[in-house]
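K.L.:
Below you'll find the structure I mean.
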Amino acid sequence: MAKRIDVSGLTAYYGSHKAIEDISMTVEPRSVTAFIGPSGCGKSTFLRTLNRMHEVTTGGRVEGKVLLDDEDLYGTHVDPVAVRRTVGMVFQRPNPFPTMSIYDNVAAGLRLNGSYKKSELGDIVEKSLKGANLWNEVKDRLNKPGSGLSGGQQQRLCIARAIAVEPDVLLMDEPCSALDPISTLAIEDLIGELKERFTIVIVTHNMQQAARVSDRTAFFNLSAVGQPGRLIEIDETERIFSNPSVQATEDYISGRFG
Amino acid sequence: MDTTTKNPTAPPVPGPLGAEQKRAARGATRPGDRIFLGLSRGSGILLLLIMAAIAAFLTYRAAIVLTKDQGNFFTTFEWNPTMDPPVFGIAVLAFGTVVSSVIAMALAVPVAVSIALFITHYAPRKLGGPIAYVIDLLAAVPSIVYGLWGALVLVPHMNGLFGWLDSYLGWTGIFEWQGGAPRSLLTASVLLAIMILPIITNVSREVFRQVPKMQEEAALALGATRWEVIRMSVLPFGRSGVISASMLGLGRALGETMAVATVLSPTFEIHASLLDPGGGTFAQNIASKFGEANEQGRDALIASGLVLFLITLLVNGAARAIIARRKEYSGASA
């Protein structure tokens, strides 16, 4: 049930500090959109406004609209907890629940959402682990703790945990930055498969990765340190990397700054 | 010492090859390293020596009087070590100590954990700080002050609770009340619970504060409510810390003397009901009898102290075992 994201005039603050200003963009369903830009440009902050994780930080607040299909995530009667159940998230460093087994990690989100029969739960866990290309590596040790896996396996476990609840959107915040090249490749392949089912937004510092995995790329920048980050442009990934319409994008991509 | 530590680039003194290689493997040692090594090793050994000395002292003095004891040391409900031959046993003391401390811990832990969670995860920062400060103040109150407060304020107020317990839970026998003054084990437990609240709260608070942000965000991103975040991330991470905190509290309750001595009216009996006045604890018994006891009486008290010492060791060992058993699942590696 991939959904379209429609952001208009979004500004986010940390207390009195304005982190990102006036961002508008559309993210197509069943596609991968990559956010690139120098450190501090607000791409992670923006990503976290898409599932209302931004406001978890002390002083975090948001102005503007984020529509998921036609529903405003920041509407007056919308519960942020319900938003996070439909917009999943994978973090920079793999963070499986250390006290839970592999099975329980994947089932964690499902157990929050309601009661399932044991067999039903088992089927979803298997399907999710297969969906995250992890099933064959862990099927014999589902009752072992998730913290015993390698970093790359842990990250795929986190992806399995996120997709088990069938979210509308999957947000990934630099999901490969703590992984070795082979694990990174496994995750990138996985992203290619997952976009058949989900709307995927990925923040990355690795421009080759953006070029490899994404359909569209958004470039963020800030005019000076302490200034709010802004969306410079968003376009087809091919165009961004070959013939961007803004000079700053070309400078960043060709390594002239950032 | 200063001149050498300030000059780390000084060329190494040439020596025979074997010694040189050994030194290289260990890294350079300067006077500071050797002094620190000596200090820390010495402190470790000293600690073991002190422990051994305490154990040896208790055992030696206890052994003298135990050989003369005409009663069974573990089952006799009597304390007459000055008689000839002496008759004494620790059954009442062991029962009173363990029961009052365990009830105190059972009362204190849920409250302490809740306070710690409130301070770290619910209260706005402006409120959490002052609450934590007040809890710290509670820890600084001397135990004799708790004892006086217990005897003058808590004991009269326990009448209401005792009546309530008797009318609803009296049928169990444990909470049956004959109407005597509420100077019973349960009153001592309530007072002990208040006394061990600060230490359990403070240790739990520190543990909950250390829960990695990314663990909490993992739960949040799955659509967990605040309570669900606590259940999925905070409590599992903090569990071994909370167990340690509880054991610290239990240890303090086991050894607490003055507060128990002031609220309890000690007798050498074990009552089925926790509300009946009487009973006693090791520490309370030692404090109330030590002054007027002769040498043999003191040795008997020391023998009871040895048992308290062993119980405390056992409690600590159990705590460590609980923590170690699920180390594989502990959050420490995350």
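Every residue number used here counts from 1 along the chain in the order it is shown.
A Cβ is built for glycine as well, from the same backbone N, Cα and C atoms used for every other residue.
A quick note: this is a predicted structure, and the numbers were derived from the prediction, not measured.
Below, the features straight out of TrEMBL:
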- B:94-319: domain 'ABC transmembrane type-1' (DOMAIN)
- B:1-22: region 'Disordered' (REGION)
- B:44-66: transmembrane segment (TRANSMEM)
- B:86-119: transmembrane segment (TRANSMEM)
- B:131-155: transmembrane segment (TRANSMEM)
- B:185-204: transmembrane segment (TRANSMEM)
- B:300-323: transmembrane segment (TRANSMEM)
K.L.:
Using Cβ distances below 8 Å and needing 3 or more such pairs, separated by at least 6 in sequence, tell me whether the transmembrane segment (B:131-155) contacts the transmembrane segment (B:185-204).
P.N.:
yes
K.L.:
Grab the same-chain neighbours of the transmembrane segment (B:185-204) for me: Cβ-Cβ under 8 Å, and only residues 6 or more beyond its ends, written as numbers and ranges.
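P.N.:
Sequence-remote neighbours of the transmembrane segment (B:185-204) are 96, 99-101, 103-105, 107-109, 111-113, 115-116, 132, 135-136, 138-139, 143, 146-147, 150, 154-155, 158, 162, 238, 241-242, 244-246, 248-250, 252-253, 256, 259-260, 263-264, 271, 274-275, 279, 281.
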K.L.:
Report, as numbers and ranges, which residues of the same chain sit near the transmembrane segment (B:300-323): CB under 8 Å and 6 or more residues beyond its ends.
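P.N.:
54-55, 58-59, 61-62, 65-66, 69, 73, 79, 81, 86, 88, 90, 93-94, 97-98, 240, 243-244, 246-247, 250-251, 254-255, 282-283, 285-286, 289-290, 293, 330.
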